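Let me begin by presenting the structure, written as structure tokens, before commenting on it.
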Amino acid sequence: MIRNMLIALLCILFIGLVPYLSSTEWIRIALTSIGCFGYAFFGYPIIAALVDTVILRVLAHRKDLYGRQKIGVPIGFATSVFLTGYLTEKLDSLYALFIVFAVYCLAFVITLSVVDINPHYYEPVAEDEEDDNTYGSMSPNSTNINENGSSVEQVAAVVIEDVNDGIRVTPDPSMWHLLQEPEAVQFFTFMTTMGFAIAVVQAFLYLFMENDLHASSFLVGLFGPLGSITEIIVFFFFKQVLHRLGARRMLAVAQCIIIYRCLTYIVCAQISWGAYLATATQVLHGVGFSMTWSAAALQADQLAPPNLKSRAQGLLNMAFNGLGSGIGAVVGGFIYERWGSTVMWAVVAALAAVSIVLYTSNFVLRIVFLPLSNLVKKHT
């Protein structure tokens, strides 16, 4: 992890040197793209997936405390944005953002070097003493049993034997094994739609505020503090919310928040004080995002067998931050440019509503996601 983050730091600093390396526009674009690709390959997987994997592994059976471990995320985001703006104004240079990134990245590396993240093994807990880690799922947890009556752990532990040569090898399961259960296919599909919806909001809300609502810079600047404050509060009380609602219900509630925000933005475009209403609605961003990511990380961890926990977090990030966000940014931009913001928000709200039905319906689980999981099983 340390090596990867140092390489990622070099990639970001390389982007800062691009203006001094060439004055040709296409060369600058190519060099910047190389730096971005390097960061996406070496750095982002550490921040997005491996950190969550380490946190969940350290917490062991106390995964309901996951939210409190993430309190540092909104604090770090808020302070980094503040420092970047402050230094940019003082230095009169956008290179302040590279300074702030380097400081925070090195602080992360130093923290990794002094924190013990190696797994520790203890005596196994008796089965009747284990805590219920389903956290109030909306439907029975059927990830333990597949259609043949064998458990996921047993499937993952299938061995290859050669009696004549005395060979017994445990195969390394691929990421496709995570999609052999209909609940897993349902979950990762839902997270893709959530990534789509959140990406549209994050990518075009600022443009919507400036172009459609003609909001002042002061109102737009309030987005960061308003979102971060509620995010910290929800992360802190995540344990209580988790045991009250369960991970699945939390994800459904978070998607409902997206729907409410999109419908509110449609109304904002029709009223004179829409900019103020849209700004006030930003407090829901912290609530929705903190519920989304905390519950999603726990749900992915719960669905995965023991030897696929890290890959489950990687697949979650691929679905949410990769596939969902990428499609959302492209489709959202196309709709915004062609038909305007009202149609864009309406499409996002409609997709989010459909995704909730897909995620909570047992009928859809049997009709749609069970055949898909069986198809994956046949080809893995």
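Start at 1 and count along the chain as shown; that gives each residue its number.
Just so you know, glycine gets a Cβ as well, placed from its N, Cα and C.
As annotated by TrEMBL, signal peptide applies to 1-23. What TrEMBL lists as transmembrane segment is 39-59, 71-88, 94-115, 184-209, 215-238, 314-336, 342-369. The domain 'Major facilitator superfamily (MFS) profile' annotation in TrEMBL covers 183-380.
For the transmembrane segment (342-369), the list of distant contacts is 138-139, 182-183, 185-187, 189-190, 193-194, 196-197, 200-201, 204, 248, 251-252, 255-256, 258-259, 262-263, 265-266, 269, 332, 335-336: same-chain residues at least six beyond its ends, Cβ to Cβ under 8 Å. Mean model confidence for the domain 'Major facilitator superfamily (MFS) profile' (183-380) is a pLDDT of 90.
Ranking 71-88, 94-115, 184-209, 215-238 by CB pairs under 8 A with the transmembrane segment (314-336) puts 184-209 at the top. If one looks beyond the transmembrane segment (71-88) by at least 6 residues along the same chain, the residues whose Cβ comes under 8 Å of a Cβ in the stretch are 94, 96-97, 99-101, 104, 224-225, 227-228, 231-232, 235-236, 286, 290.
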